[in-house]
Amino acid sequence: MAAVGSGGCTATAGPGAVSAGALEPGTTSAAHRRLKYISLAVLVVQNASLILSIRYARTLPGDRFFATTAVVMAEVLKGLTCLLLLFAQKRGNVKHLVLFLHEAVLVQYMDTLKLAVPSLIYTLQNNLQYVAISNLPAATFQVTYQLKILTTALFSVLMLNRSLSRLQWASLLLLFTGVAIVQAQQAGGGGLRPLDQNPGVGLAAVVASCLSSGFAGVYFEKILKGSSGSVWLRNLQLGLFGTALGLVGLWWAEGTAVARRGFFFGYTPAVWGVVLNQAFGGLLVAVVVKYADNILKGFATSLSIVLSTVASIRLFGFHVDPLFALGAGLVIGAVYLYSLPRGAVKAIASASAPTSGPCTHQQPPGQPPPPQLSSHHGDLSTEPFLPKLLTKVKGS
């Protein structure tokens, strides 16, 4: 994750990112900017398209597919993809891959078992998303689901002993207020809704999903920082548990119906689109997120809300009234403010103070440059606690 330097003078490069000081004029900086724009586009499209596609597939007339089977299929495809990526890392050597997996998964079984907890929560979260989106308009779900920022921040404070700035606390309050306004609009009957949809059930599902997302994301981050396993290995392990737990959930919730009608009952091209989006969308985000700093991710979230709202108007006849617009606007503003690094906030606060030059912290001639922060994790004391998009490989 890249940390944005204050005042545009310095920038700490995250994993895989290009350091600002190492950029050559012209081609390299232009290529880096293109990668950031591509990252922004991918994040926006993935965030919005998954919600819209689930809503579309769940509201189509005709036979409705079993959500539990879609969750299991997404886990299977995700695990197979990670397995293929690990196979490529071993240069196509089956023996090396088998020995590696035996050591990482079976010999170090205690390390593998740690992932059972987040995998269980992610599986529950994925099922809850189907319940929530089936009972809430896509735009309402998209706005309300930003409560995961609040839950992730709280779990980061409780489990990782992090601290929030006053601006971040204020933005979280603003976020909660915006979501409350949107839900008040929904409870007031804003717009027509089908009779088979229950906004109360949808709200309960999305709140439970946000709580599970926050806890699982922070827990998974702790595991990643405490071990040397690659992201693809961790997600393969999560996929193994997720598939097993998903099958248990399928048997418990819809086992009789699935046995009678079939695993792929109700599957259409739209449903397969949802499954593929869930399976590969998170992995794609994990690849591009190294080019996206926190401000870019916050901006992508805001654009996703706007895109979901516009698409909901066109596709589902969603009605935007002043109350929804106010609540959504507060949420968008809160996401942007929360994503600002503390260095940028200090730079804004000191912008009116007189300076001796364009950059107040330039090194005197002849002095060595200050040491750079670690490029692996960044400065954890100054990074905002947006939900790690790395964990979106499994979650939202």
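Any Cβ shown, glycine's included, is placed from N, Cα and C.
Taking TrEMBL as the reference, the stretch among 120-141, 142-163, 296-317 described by the feature transmembrane segment is residues 296-317. Only residues 6 or more beyond the boundaries of the transmembrane segment (232-252), in the same chain, are considered here, and those with a CB under 8 A from a CB of the stretch are 66, 68-69, 71-72, 75-76, 78-79, 82-83, 85-86, 89, 104-105, 112, 115-116, 118-120, 122-124, 127, 220, 223-224, 258, 283, 286, 393-394. Across 37-58, 296-317, 323-340, the stretch most heavily in contact with the transmembrane segment (264-289), judged by Cβ pairs under 8 Å, is 37-58.
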